[in-house]
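Undergrad: Pulled these features from TrEMBL for this protein:
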- 61, 62, 63, 64, 65, 66, 67, 68, 121, 160: substrate binding site (BINDING)
- 62: active site, tele-phosphohistidine intermediate (ACT_SITE)
- 149: active site, proton donor/acceptor (ACT_SITE)
């Protein structure tokens, strides 16, 4: 323990605690002295460089399911047990081939790591995707309940569900909660927890052993349409109004978040403005994605007031 003397002749000196013989010691203040720095800074300086971020986070919606072609299936089969149609299997396998082509172009040390919803249709989609990859290319798989489908309330009454969806259209897609089920806002809450887990996994390089870390790792989230839109909303801090304007993924479709020149994930590295506009991104959202394309992790866009005009209507 040390005390800095603020006044008198001892100013600028450190008065140390007494030693075992009761003697006082003083020494000149040296802020760069290693034993006077914060231990966290010393620890950080001694740590190796952080692992490379995965190159991409690829969002995949499950292939066509039995519920997509027959809403009556939800009255007979629990939602988590709804499987793929034959077309859905084909869509999953085709998506796997597209992912392989994307991640393997220009490098030979690439791998993929999967997070998957525990619903049957997403697990079957994962198996379809997996046909495009050899075992040594798959770094791992984690079943993640937090990226499951929005809960619509157990077995569904077909006519009642049509009424509920019409009410949701008038009430608003984000806040409307289905009886005995969830709203998109509820999904947002659990996606927030998952996002923090994912960010922590990225920061510590959990996807690869320490001696085998490559910048060509790719994360694939196999999930559901609304859940993936909410994930993007949470990641990029989009507003409720911006979420309401988004369109659903196609079955077996994918959206790619890829690191730009600064290391942040942007949708504009892989996709065009036109593709993202079809998905529902506004001009402001595209401007932000353009900034994300070159920004570094931890940076803030001080030249762009995020969504400011929508909040402060008095600006000219």
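Heads up, the Cβ atoms here are built off N, Cα and C, so glycines get one too.
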Undergrad: Measuring Cα to Cα, tell me the gap between residue 63 (substrate binding site) and residue 149 (active site, proton donor/acceptor) in whole angstrom.
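TA: About 14 Å separate the Cα atoms of these two residues.
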Undergrad: Using CB atoms and a 10 A radius, I'd like the single residue among the binding-site residues 63, 67 with the highest neighbour count.
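TA: Comparing the binding-site residues 63, 67, the most crowded Cβ belongs to 63.
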Undergrad: Given a 10 Å Cβ-Cβ cut-off, pick out the one of the recorded positions 61, 62, 65, 121, 149 that has the most other Cβ atoms nearby.
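TA: Its Cβ has the most other Cβ atoms within 10 Å: 62.
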Undergrad: Please find, for 61, 62, 63, 64, 65, 66, 67, 68, 121, 160 as listed binding substrate, the greatest distance between any two Cα atoms, in Å.
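TA: Result: 26 Å between the two most distant Cα atoms.
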Undergrad: About how far apart, in whole Å, are the alpha carbons (Cα) of the residue listed as 'active site, proton donor/acceptor' and residue 67 (substrate binding site)?
TA: 13
